[in-house]
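Encoded as structure tokens, the structure appears first; notes follow it.
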Amino acid sequence: MKQLGISIIGTDTDVGKTFVTGLLGAMAQDDGFSVGMVKPVSSSAVPFPECITMDEDNVRNDLESKDATYLMQSVGIPESRRHEVNPYALAGDYSPRLAAELADVVIDYDDVVRHTLDVVSRYDLTFVEGAGGITTPLYGDKTFTDFMAAIELPTIMIADGRLGSINRAVLTCEYAKAHGIFVKAIIVNDTTLVDPFLLKTNIEDMERYTGLPVAGALPPYQGPNIHSVRLGWGRSFIDSEQLWKTVLDFR
Ligand SMILES: Nc1ncnc2c1ncn2[C@@H]1O[C@H](COP(=O)(O)OP(=O)(O)OP(=O)(O)O)[C@@H](O)[C@H]1O
Ligand SMILES: C[C@H](N)[C@@H](CCCCCC(=O)O)NC(=O)O
Ligand SMILES: [Mg+2]
């Protein structure tokens, strides 16, 4: 099988990119794919409970990206491969660019692009999560828009379902298209339990005004933190076989 990748963008920070990416990764694995995960540059990182760990390349990690941890746990990637998933973990609830500046960290942008494509080449299907909304500053003059365009992967956009979500979804899709990012589908992550009529019409209008399919709408997950339970729950809202066909153009 050709090695494939999907990039995950969102209409905003906290819209559920990590939550949905973890679920999609678990579904892909359950569907028989070997799965890679990349959160190339992360802010909001926190100190490791044990302070310092080393990955398999003996890279010293003082900080843990919670997003990377969640993605790793979703598909069983061991701690020793943390550097593969997340080369840069930066402290502070800021854009990665600002977080890097504040910490005096130099990010090798070209290497981040190379690294991501290298991971994509090692697994059947690799998911690449950005940070925040599509234009979040990454490093120097580069934003996640530049990065997502550079890796040239088909893209799923995560949207909320609240009032205002049509506008956010359309603007994000149009901006992505204008910058050479191929959004293939939208997943609505309805964490606020929007009134069902509003949610239904928002989904219809997102499809109408973006010309893209909404491949699923997730309500808040309130079950236990058990992999198989969450996977079963996710499958009742997202048809993964159909999603891979739509996004990856499987025949
Ligand atoms: N469907 C859901 N059910 C329950 N909790 C959810 C759901 N979606 C997201 N969350 C929770 O909402 C919070 C924000 O989600 P998440 O971290 O996935 O956002 P994000 O888009 O990845 O943000 P960032 O821009 O920081 O990467 C997290 O605590 C996550 O567990
Ligand atoms: C701090 C957040 N958690 C996120 C970055 C969000 C940046 C938002 C920038 C903006 O659009 O104002 N970082 C990350 O996903 O690694
Ligand atoms: Mg995230």
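Cβ from N, Cα, C; glycine included.
As annotated by TrEMBL, ATP binding site applies to Asp14, Val15, Gly16, Lys17, Thr18, Phe19, Asp67, Glu129, Gly130, Ala131, Gly132, Asn189, Asp190. For the recorded site, Gly130 (ATP binding site), the DSSP three-state label reads coil. If you draw a 10 Å sphere around the CB of Gly130 (ATP binding site), it holds 25 other CB atoms from the protein chains shown.
According to TrEMBL, the Mg(2+) binding site annotation covers Thr18, Asp67, Glu129. Here the Cβ of Asp67 (ATP binding site) has 24 other Cβ atoms within 10 Å, regardless of which shown protein chain they belong to.
The active site annotation in TrEMBL covers Lys39. Listed in sequence order, Thr18, Ser65, Asp67, Ala68, Leu71, Val85, Asn86, Val128, Glu129, Ala131 are the same-chain residues six or more apart from Lys39 (active site) with CB atoms under 8 A from its CB.
Taken residue by residue with DSSP, Ser43 (substrate binding site) is part of a strand. According to TrEMBL, the substrate binding site annotation covers Ser43.
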Neighbours of Thr18, Asp67, Glu129 excl. site residues, C-beta within 8 Å of centre, Mg(2+): Ile8, Lys17, Thr21, Gly22, Lys39, Ser42, Ser65, Ala68, Tyr70, Leu71, Ala131
Euclidean distance between Cα atoms of Ser43 (substrate binding site) and Asp190 (ATP binding site), Å: 24
DSSP-derived class (H/G/I helix, E/B strand, else coil) of Asp190 (ATP binding site): coil
